[in-house]
Amino acid sequence: MASHPPTPLPARPRLRRLDLQIPPRDRQIITAARASDASGGSESHPIPFINAVDRVPYAHFTYSSSADAAFDLGFDVGCRCEGGACEGCACAEGVGFGLKRECGRGCRCGSGCGNRETQGGVGARLRVVRDPRKGWGLHVAEFVREGRFVCEYSGEYVTNEEAKRRLMEYDELTSGGQFSHALLVVREHLPSRRACLRVNIDATRIGNVARFINHSCDGGNLTLILVRNTGSLIPRLCFFASRDIKEGEEITFSYGDVRLRPDGPPCHCGSTGCFGVLPSEQT
Ligand SMILES: [Zn+2]
Ligand SMILES: [Zn+2]
Ligand SMILES: [Zn+2]
């Protein structure tokens, strides 16, 4: 389970040596550029790191704006709508609570179709803000109305076995302090098939700014929706505003239905119902 604060992986010696070869002035320029936009130009608006707490300028990870295409069926599956008129087409039909469907790669409608709300990168202006206790957190830099798409949780899809293996590895690193992972496990009970779908997305090394979203014991102000593109086997995890969110507010959600370990990392969510401990995924 993701736990905050998401901090960079410990620097490897090889990288440190490389860094030293860069002249100090160039290093400052690189640092300033990274701190000015966490997405490195991948999103339509820059997402700056704001830190009035300590001297950490940014968090290092490989930016990937979407986890899509991971499991495309690879053949021509999709609607035949022309000119993006997909309101009411089969691709737009809901499939249940907490699930949403959107047009996919094989649809003829094209990228301008109105049924691709979550496919254009982050949906609101955001910034990554340092907190003295939680580390980095994600804040909105504009007013966000209830129901609006905010961002996808992008990262590497991993199998259940691999998730288990990584969580054990991360647990060990976490106990040494200074490290916190961003592996999110989501279980969705499918109403139609009485089955449980488990999605593991690891944004620890590769992901987007959603990796900075902190947990809140009261559920926060985001709803997690599984979005399945037509022709794709695995849904993407997308965050929508669960209520109106004021400019400058931190965005949070509940890491979920997971075990509370008495020895787990402390929770600083500040909500009235705070359990005092961050939820952690059963390994
Ligand atoms: Zn359509
Ligand atoms: Zn479609
Ligand atoms: Zn469409």
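Positions of Cβ are set from backbone N, Cα and C atoms, glycine also.
Unlike curated entries, TrEMBL annotations are predicted automatically.
Quick look at what TrEMBL annotates:
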type   : residues : note
DOMAIN : 124-256  : domain 'SET'
DOMAIN : 263-279  : domain 'Post-SET'
Report task. Could you give me the DSSP helix, strand and coil counts for the domain 'SET' (124-256)? Result -> 20 helix, 60 strand, 53 coil
Query raised in the report: By DSSP, what is the split of the domain 'Post-SET' (263-279) into helix, strand and coil residues?
Result: 0 helix, 3 strand, 14 coil
Query - Across the domain 'SET' (124-256), average pLDDT on the 0 to 100 scale - result: 90
